[in-house]
Amino acid sequence: MRRYMVTYAWQLLKKELGLYQFATDIIVMIRVCKMFRQGLRGFREYQIIESAHWKHPIFSFWDKKIQSRVTFDTMDFIAEEGHFPPKAIQIMQKKPSWRTEDEIQTVCNILQVLDSYRNYAEPLQLLLAKVMRFERFGRRRVIIKKGQKGNSFYFIYLGTVAITNDEDGSSAFLDPHPKLLQKGSCFGETDIQHASLRRSTIVCMEETEFLVVDREDFFANKLDQEVQKDAQYRFEFFRKMDLFASWSDEKLWQLVNMSKIERFSYGQLISKDFGESSFIMFISKGSCEVLRLLDLGASPSYHRWVWQHLELIDDRPLKTHLREYSPMERFKEFQIKSYPLQDFSSLKLLHLKKAWGLQGTSFSRKIGTSGDTLPKMLGPKIQSRPVQSIKCAMINTKFGELPKEAAVGAYMKVHTVEQGEILGLHQAFLPEGECDTRPLILMSLGNELIRIRKEIFYELIDNDDEMIKKLLKLNIAFPSDEDMCQKFLQENSWNIFRKDLLRLLVEPRQSPPFPPIRPKKKEIYNPKSVVLDLCSINKTTKPRYPIFMAPQKYLPPLRIVQAIKAPRYKIQELLPQYKSAGVLI
């Protein structure tokens with residue numbers, strides 16, 4: 001009995017202790033949450049006062065507990081996103097001979113974000129990472145002064161600099177469109193190799209971070225030998241070209257010293273408009289494509305194509321596209337035909353036009369009818385065709401109305417530039433009235449090119465009639481926008497027909513084991529597949545709000561499509577019908 005009482009008492013005590021421990025945990029959690037709320041209150045107050053003190057980042061207040069004034073500098077808490085990593089700065093503070101191979105490789109990996117650094121060969125990248133030092137300068141600081149001897153060359157890791165012709169760089173802050181160099185660019189390489197005088201002034205437009213290579217380290221670590229290998233490669237490339245067959249080696253080396261190699265990966269943008277570029281590009285390896293962003297809404301062919309296909313919006317069979325009369329319409333038609341000497345079809349159409357006006361015709365267009373204009377009085381045999389209306393927002397173009405959703409653009413390949421070809425000289429010697437001023441995009445397919453400034457190249461070919469005759473033969477006539485639009489529509493029709501045929505002939509796959517509970521509503525434009533579906537233009541769907549939308553300045557001026565699904569006849573009606581094998585109906 002006593003043993004039973006002891007066991008029972010122990011169980012009660014255990015339960016009470018468990019409840020006590022549970023209550024203790026709750027109290028601790030409440031206290032911790034209270035401490036978090038008190039701490040976050042200061043952050044909320046800082047968010048309120050931060051914008052007010054942005055112009056005066058240092059402020060102070062009187063602390064009653066310590067009986068003294070506390071000073072707070074908001075600039076110490078600004079996020080340093082995009083700045084050069086502190087770990088790499090510590091490495092660059094060492095002498096080049098003290099840096100280990102792992103540290104050099106670490107710096108080399110960090111610098112891969114710089115396009116100008118990535119264009120060098122791998123051995124030269126490692127040598128540059130070994131001798132670089134880090135510098136940070138503020139706004140209006142002159143980095144290079146015109147007329148001075150070049151002792152360093154620079155890579156821009158963060159910030160922007162301007163190129164000017166004055167000595168103090170003040171004109172960069174007065175010029176509305178100064179020449180700018182931004183992150184990833186480099187300057188001063190040519191002057192450091194040949195110990196020449198600076199031909200321009202470089203000034204910081206904002207706080208800028210540089211990676212600097214000094215002349216002493218450049219030659220002490222034999223970087224000049226690696227640079228000479230690249231120069232010899234460029235010389236051999238130019239010497240093999242028929243364009244420079246008549247040039248002497250001395251003159252060709254002048255071209256080599258002013259040129260620079262750049263490498264681009266597959267799909268990388270080389271130039272948004274190479275016609276307006278200040279460089280001439282020689283394709284030394286690989287190939288690239290010339291693209292044109294077409295505004296399809298500005299093409300008369302696209303305008304006709306859209307409205308021809310929208311006539312099939314009701315999805316009727318091939319020979320019964322005109323919709324059948326309803327009983328009420330047949331009765332009204334009978335009333336009109338009951339008067340042998342008069343035709344009231346014009347009054348009927350006028351009444352319909354007034355009704356459409358009340359409903360708002362600015363957001364609709366009639367298609368597939370002969371009632372756009374009032375018919376002439378030709379007797380009682382006139383039969384008014386039924387009118388079908390497209391209810392959607394319209395925009396006015398120079399070719400007429402067009403559905404707002406159908407105003408899209410498409411990228412078209414204009415030309416493929418292969419190895420050994422030249423870009424930037426195809427319109428160099430044409431009159432201004434004959435030049436093609438359309439913006440043309442240059443996209444890499446994995447290539448290497450050699451750049452040289454146009455003004456330098458023009459100085460080298462001055463008074464060289466033989467060279468000018470060769471350059472005149474390089475003129476390329478690109479197709480017009482209308483021709484490219486027609487080609488796009490032809491390719492689009494074939495691609496859609498091919499998909500319809502495959503969908504009809506190939507057996508569908510088995511349904512997935514877990515079908516979606518609620519299917520997604522079909523939208524007119526699908527940004528993932530880049531397809532415009534005009535079949536759904538007359539259907540109302542609730543807008544789906546995306547989680548993230550890019551700012552408008554980062555988006556193209558038009559919605560880009562790769563294909564357009566237009567209303568079309570069913571492919572079963574277009575294929576031949578057979579009673580049996582080999583016997584047509």
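Each residue's number is its place along the chain shown, starting with 1.
Even glycines carry a Cβ here, placed using N, Cα and C.
For 116-239, the entry in Swiss-Prot reads nucleoside 3',5'-cyclic phosphate binding site. Around LEU180 (nucleoside 3',5'-cyclic phosphate binding site), taking its Cβ as the centre, 12 other Cβ atoms fall within 10 Å, counting all chains.
Cβ-based crowding with a 10 Å cutoff singles out MET132 as the top-ranked of the binding-site residues MET132, VAL212. Taking a C-beta cut-off of under 8 Å and a sequence gap of six or more, THR164 (nucleoside 3',5'-cyclic phosphate binding site) has these contacts in its own chain: SER170, SER171, ALA172, ASP175, PRO178, LYS179, SER200, THR201, ILE202, VAL203. Annotation for GLN228 (nucleoside 3',5'-cyclic phosphate binding site): no spatial neighbours, criterion Cβ-Cβ under 8 Å with sequence separation of six or more. Of all the binding-site residues listed here (SER116, GLN148), the one with the fewest other CB atoms within 10 A of its own CB is GLN148.
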